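Below is one structure, written out as structure tokens; the observations come after it.
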Ligand SMILES: Nc1ncnc2c1ncn2[C@@H]1O[C@H](COP(=O)(O)OP(=O)(O)OP(=O)(O)O)[C@@H](O)[C@H]1O
Ligand SMILES: C=C(C)CCOP(=O)(O)O
């Protein structure tokens, strides 16, 4: 397997590692273990970010956490996504990946739902010492809202910019971004987004962070202000996570617009 010296960021979508349609947190154990094995075959530096799936969205919706502040709901939802994080970390360590959970609630402050600051020194040291930090969609404290839902789809581009990581893979339950005929869209840039926007919607399951549309918009914002290309691919299909880590262009590429040479 090709190993880049540069770290990569891999997102494990909640629609892949959980039964996102369930009304409580259910782990898709076989998929999680398969992905953990694929990750273990990669020897380079990596940050894993996973989604909340049915461990988070279900409770965030139940307690209206995308609409207002409910302290009991914050705790119940945070404790639930921590349980998923613990299962992800255990699965990775079962395959020899030195994974350590980093809960955003403990290191992040938001303002109106956008990351204002995140403590990163520990994450940098983990990468230096061969650990794999595992972050995840979480509830975090917010300077205006009290607390907010923080999506892994916002954490991934934030970490990429702050840590200058240029290869991002977001594993989801679909082959990538699909058009109305279910055909894979190979590339989306800020300029071509208008062409495809009407194909891209929220999640098919309970979701409070925008589904595929929210994901694509976060990655496009990143591509407007950096040279970073992201890949949205189907981590639910065997070997795809390995293929992404191995440097393949897989799924839908979210890329910067080509600069016109003058
Ligand atoms: N054009 C599209 N192409 C592909 N999927 C789409 C599209 N429009 C909407 N979707 C939906 O978006 C879902 C992927 O977004 P979602 O946020 O649910 O995934 P995830 O990142 O795995 O979940 P989580 O946010 O829990 O991590 C797909 O499973 C599909 O239901
Ligand atoms: C619903 C919560 C608490 C976090 C959602 O994070 P995501 O699943 O990465 O979008």
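In case you wondered, yes, glycine gets a Cβ from its N, Cα and C as well.
When the candidates 130, 146, 152, 169 are compared with the substrate site entry in TrEMBL, which names 52, 57, the shared residue is 152.
The ATP site recorded in TrEMBL includes 11, 12, 13, 14, 15, 211, 215, and the single candidate from 53, 176, 247, 251 that the record places there is 53. Checking the binding-site residues 11, 14, 15, 52, 152, 215 against ligand 2 with a 6 Å cutoff on the Cβ atom leaves 14, 52, 152, in sequence order. Less than 6 Å separates the Cβ from ligand 1 in the case of 13, drawn from the binding-site residues 11, 12, 13 in sequence order.
Here residue 52 (substrate binding site) is compared against the binding-site residues 12, 13, 14, 15, and the shortest C-alpha distance is to 14.
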